[in-house]
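Asks: Sharing a structure here in structure tokens format.
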Amino acid sequence: MLSSLTLGLLLATACAATPGKFNLRPFKIDLSSEVARMKTLVNNTRLPSHDLYPEVGIANGIELGTLEELKNEWTTSFDWETQQAELNEFSHFTAEIEGLTVHFINQKSTDPDAIPLILVHGWPGSFQEFAPVIKPLTSLHSTDGKTVSYNVVVPSLPGFVFSSPSANASWTYKDTARVFNTLMTEVLGYETYTVHGTDWGAVVAYDLYANYNTTVRGGHFVFVPFVPLTPEQLAAENITLTPEEAIPESLYVMWSTTGDGYFHEQATRPKNLGFALYDSPVGQLSWIGSIWKNMSDPRAGTPPSLLSNTPILTSVSLYFLTSSFYSSIWIYEQNQNPLSTVYSKPPTDAPLFFSMFAYNQDYWPEEKVREVGNLISYEFHEFGGHFPAWDNPPALIEDIRAMGLFLRG
């Protein structure tokens, strides 16, 4: 349990930032001028007349019928102006930190005691990945006589959409963590804050949790940067799985043997792929869309899922219209071994909360998560996948709120 002094620091509101030091500026998304050209390119792109081996399904990548459906919707019913307007409902800013232009959402709660929270996305996501959960997390929520709300900060990783790429190829997730800590503490003025991360964002957020223990007072994760165990390793540690838990473990086995080719390509040949798809919206749709489709709950689009073709097309549009597909995939080359094989606790007693979604492509049992942090809560959800903010937003919101309620004492 945190002391009252620590809690007081946690709830401290942002100090007045010095705009000149970090060139802090409001930001508005305005990509409309490039949309007509993008749609022309989509329209003029030819796809194969038929799938060579339809019987293999998604095992070898996105299905032709799925890609055709997405392509057709992109040029007919998809309305970029509506999506842009919805994204602009959030409060966007940019700041200059260590030579980087860092784009971020800074969505404040009306609650004066709101807890600062940074949400860090992965690939092929962006700040848009958290759109369904930002405003609910800023709203005051009451449970068992306790209330919680967050001041939510959602930065774009370096090289993603509106954040500039790093200055050199040696940049790593640890550099990003340092910049994001500066964003929270110096730009926004929070003395302490909490973190949440998914995918690459979890790698960054866990580094903040583990190594910035004077400022990070709690972390919620759906992914931890440790290599998941094989079925043989689980058996050797006498960890037995329920039928529900066996789903993500089987997906991990499948994904680690046949599904992670994109990782190796982006880690070793980002130029080849980046140049090939740089000006091809349908090429990016095929590459990115396959990740969204294959790594989501197969029941996507049915409640509680909000994942339809629209957020996928919005995601790809953001990459294409900002010309950031190429720069975004460099995160793989710069961090080729982000997961540790050694499970160990970091030098922090900050509470750790973990949510396991059944259709994620990686599985960490409670016993192993307990080895990498001060685990307070481990929740298993039978609905949801790699993108829980779209796959199962109610569950993700509830679990992140649980962290805040715990910190309230």
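Yeah, the Cβs are placed from backbone N, Cα and C, and that goes for glycine too.
Among the features that TrEMBL reports, signal peptide is placed at 1-16. According to TrEMBL, the domain 'Epoxide hydrolase N-terminal' annotation covers 25-130. Feature annotation from TrEMBL assigns active site, nucleophile to ASP199. What TrEMBL lists as active site, proton donor is TYR332. Under the heading active site, proton acceptor, TrEMBL lists HIS386.
Where in this structure would I find these features, and how exposed are they?
Replies: Counted with DSSP, the domain 'Epoxide hydrolase N-terminal' (25-130) comes out as 44 helix, 23 strand, 39 coil.
Around ASP199 (active site, nucleophile), taking its Cβ as the centre, 22 other Cβ atoms fall within 10 Å, counting all chains. In the three-state DSSP assignment, the secondary structure recorded for ASP199 (active site, nucleophile) is coil.
The 10 Å shell around the Cβ of TYR332 (active site, proton donor) contains 21 further Cβ atoms across the protein chains shown.
HIS386 (active site, proton acceptor) falls outside any helix or strand according to DSSP and counts as coil.
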Asks: List the Cα distance (Å, whole number) between ASP199 (active site, nucleophile) and HIS386 (active site, proton acceptor).
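Replies: The Cα atom of ASP199 (active site, nucleophile) is 8 Å away from the Cα atom of HIS386 (active site, proton acceptor).
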Asks: Using DSSP and collapsing to three states, where does TYR332 (active site, proton donor) fall: helix, strand or coil?
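Replies: It is helical.
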Asks: Taking the Cβ of HIS386 (active site, proton acceptor) as the reference point, list residues of the same chain whose Cβ is under 8 angstroms away and which are at least six residues distant in sequence.
Replies: THR198, ASP199, MET295, SER296, PHE357, TYR359, ASN360, GLN361
